[in-house]
Amino acid sequence: MLSLFLKSLFAIIIIELTIIHALPTYTVHWKCSIQQANTSSASSNQTVQPRQHAAPSSDRIKSLPEFKGSLPELYSGYLEANSDKSLFYTYAPAVVDSETFIVWLQGGPGCAGTLGFFSENGPIEISQSSPSPSLNPESWTNFANMLWLDQPFGTGYSQGQAAYTTTIEEASSDFVNALKSFYQKFPHLMKKKLYLVGESYGSIWSANFAEALLSEPSLNINFMGVGIVSGLTADYETQEQITASIWVEHISKLGYYFNNTSSTISEEFKKRNKECQYDSVLNRLTFPTEQYPIWRPEYNFSTSTSLRKREALDGEDIGNVFNSISGCDLYSLSNFLLYLENSCVITYDVSLDCSFNEYNDPLITYLNREDVRSSLHATKASTALTSGEGVFADGCNFDLYKKIVSNNVESVLVEIIPRLTEKYKVSFLAGALDLQILWTGTLLALQNTTWNGWQGFTQSPGSLETTNGFTLDERNLAFTLSNSVGHMAPSKDPQMVREWLENTLLY
């Protein structure tokens, strides 16, 4: 089942590729202690006291336009972040008795959780093949209680009179306050095992929000861990450039591209890696790795990709691509090589071809309808957040995105993830078909990260790899590569994603 929010996903991909440039270099080792929630008597008078009543009937979704059949139990409405802004939420309880409570955090930044609810892991789905809402048999509510948020403020249906939330600090504060508001509505969930799962830029939200929750004395919750799907984890060179040749080689082995030209491409990449000193970095991608920071070269990469694309495709041969894209921009080079065999290549899933229409988006049209907004209790969405194309426009708030990425964002691997792993589980999932966030770059970044007293993983992926991928799981941190998915894993292979969650994160 391929359930995508099409235009909105395309928008997410474009902006998340750009944000990678904003991440700084990191080559340091960390050993810190997590700041725990204060549960002493001195702060007990601040503790959130759950109200003993059932879920609010006013937030119950009683119907959805065009949905046929029995609607599952759903709630939506607003959670107060502070006096002048509220975040829109959708909550779906598990259909089985479950002690698991997952908060899903969409990427972008500036893309609404409502999109994920309808297109990735919620109980109701809308897709290109199914433009009317229908039951999603692979919903995460099959095993967990689920919450989706339109955050940060300025995203989706969220409403208020405040300025956009544009910093990690403010977004973290808003999230903590919104979660307090949520627990007041649904007090029985406070004792459930809480996990934050973020996709793409949502990896930054999930890790930072986890630390904010653990530093909040008024929340007495059962926090358990963080899941990161297609996560943005490193600076641009590490995430996209240095390991591009390994990514291309892996795609070729999977049989998607370059079946007859892989040896030629491999030789060309070998030359370029040496010229750019990437080979010295790749030599450190060992298991275990030596226990000192991995040095990497730095370059200024040209942004004139459209010009380079035209030049590279003129003549349509591999040699012309390598000649046209000189220097060390191996990410763009890889992208254009794929275009030679698939002129409709979509970077969030390189297995898609010209038969897929990324511009046919029934979900955004549906969410902008007045009757749908009324059914979802989203009638308070501020007109200030509404473009000429509706609240969701292309699915994401690009004005908000630009404001967020103008701030310097530190990789979550520098400090936060190592601290979290001291007491909690962190699990990464990456897709081999994702050209937006290269799994090879994430693995390189992890091998340059020290957590729980050791740098990187010790066990080699090669010793564990199957036709489906591999999983490394050491010292409270796991990394899974799936060969079946691209950037939006929950919609592409929901069964695999569930297995990843249950085997590496949920316990």
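Yeah, the Cβs are placed from backbone N, Cα and C, and that goes for glycine too.
What Swiss-Prot records for 1-22 is signal peptide, and it gives sequence analysis as the kind of evidence. According to Swiss-Prot, the N-linked glycosylation site annotation covers N38, N45, N259, N260, N300, N448. Marked as region 'Disordered' by Swiss-Prot: 41-64. For S200, D434, H487, the entry in Swiss-Prot reads active site, with the evidence type similarity to another entry.
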TODO: Could you say which of the recorded positions S200, N259, N448 has its Cβ with the most other Cβ atoms inside 10 Å?
DONE: S200
TODO: Return the member of S200, N259, D434, N448 nearest to H487 (active site) in space, with distance defined Cα to Cα and candidates limited to these recorded positions.
DONE: D434
Open item on the list: Tell me which of the recorded positions S200, D434, N448 ends up closest to N259 (N-linked glycosylation site) in space, Cα to Cα.
Closed with: D434
Task: Number of other Cβ atoms within 10 Å of the Cβ of H487 (active site) across all protein chains - done: 28
TODO: Report, in whole Å, the straight Cα-to-Cα distance of D434 (active site) from S200 (active site).
DONE: 11
Task: Where N259 (N-linked glycosylation site) sits in the secondary structure, as DSSP reduces it to three classes - done: coil
TODO: Compute the C-alpha separation of N448 (N-linked glycosylation site) from D434 (active site), stating it in Å without decimals.
DONE: 22
Open item on the list: Same chain only, sequence gap of 6 or more: which residues have a CB within under 8 Å of the CB of D434 (active site)?
Closed with: S230, T347, Y348, D349, V350, V485, G486, H487
